[in-house]
Amino acid sequence: MSADAGPGSGALVLFSGGQDSTTTLAWALDRFERVETLGFDYGQRHRIELDCRVKVRAAMAALNPAWAAKLGEDHTLALDALGAVSDTALTRDVAIEMTEGGLPNTFVPGRNIVFLTFAAALAYRRGLKHIVGGMCETDFSGYPDCRDDTIKALQVALNLGMDRRFVLETPLMWIDKAETWRLAERLGGRALVDLIVEDTHTCYLGERGPRHPWGHGCGTCPACQLRAEGFARYEAARVSE
């Protein structure tokens, strides 16, 4: 958390409706007086997440009256151009596989850079200083735009380019998926964990039918595997305590 988070401060959360962004939304609601959310429609195969995010926002407000009082406007931006220039498994109906460069073909070049740039432009207009994202480089697929160095460099560029002092908050940067589940429990109790399991969406293929202990998804894509492995470690630690 940044040092100047407190009464009167506001935050804009990049909120996709997935596990990580739901946890970061809870984190922001626990810290800031006013919290708005931002989602993106960029032609993703798992576009069902846009439907899930509406349900998750409502469920989080119902879960905690204090959160409901802080939760402000929700924004959605269409970024069709990002999907048009990206030849990836997230925006094309192709099999998920590793590329010669060592990255999975689910990597959408520049996605987080574009997301955070638009988020900063919106935060500028809305008078919000803190921009919160679920980027992480501890337990991730190797995406370069999730790295701490990238986020820090982008914060400098955005502040120079907009003559503001935005703070890019990444509360998940140095924790793994098991710790992300534990953070959700600390923030909202088992009720928030259950909400994340049942209502959030992570699967790259957009599968909502199969129901696993960790939630809905195909169970085989990289996103599902990370979520499942993290949940298994989280549950094992709970049993041993």
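From the backbone N, Cα and C atoms, a Cβ is placed for every residue, glycine too.
Going by Swiss-Prot, these are the annotated features:
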BINDING   Phe15, Ser16, Gly17, Gly18, Gln19, Asp20, Ser21, Thr22, Thr23, Thr24, Leu25  ATP binding site
BINDING   Cys203, Cys218, Cys221, Cys224  Zn(2+) binding site
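If you draw a 10 Å sphere around the CB of Cys218 (Zn(2+) binding site), it holds 19 other CB atoms from the protein chains shown. Cys221 (Zn(2+) binding site) falls outside any helix or strand according to DSSP and counts as coil. Annotation note: Phe15 (ATP binding site) sits in a coil segment as assigned by DSSP. Each residue contributes its Cα atom, and for Cys221 (Zn(2+) binding site) and Gln19 (ATP binding site) these two points are 15 Å apart.
The record gives Phe15, Ser16, Gly17, Gly18, Gln19, Asp20, Ser21, Thr22, Thr23, Thr24, Leu25 for ATP. Within 8 Å of the mean position of their Cβ atoms, the other Cβ atoms in that chain belong to Arg53, Val56, Gly134, Thr200. Considering only the binding-site residues Phe15, Gly17, Ser21, Thr23, Leu25, no residue lies within 10 A of Cys224 (Zn(2+) binding site) on a C-alpha to C-alpha basis. Ser21 (ATP binding site) and Cys203 (Zn(2+) binding site) have their C-alpha atoms 14 Å apart, to the nearest angstrom.
For the pair formed by Cys203 (Zn(2+) binding site) and Gln19 (ATP binding site), distance between Cα atoms is given as 10 Å, rounded to the nearest Å. Here the Cα atom of Gly17 (ATP binding site) is found 17 Å from that of Cys218 (Zn(2+) binding site). In sequence order, Thr202, Tyr204, Leu205, Glu207, Gly217, Gly219, Thr220, Pro222, Ala223, Gln225 are the same-chain residues whose CB sits within 8 A of the CB centroid of Cys203, Cys218, Cys221, Cys224, the residues recorded for Zn(2+) being left out. Across the structure, Leu25 (ATP binding site) and Cys218 (Zn(2+) binding site) are spaced 25 Å apart at their Cα atoms.
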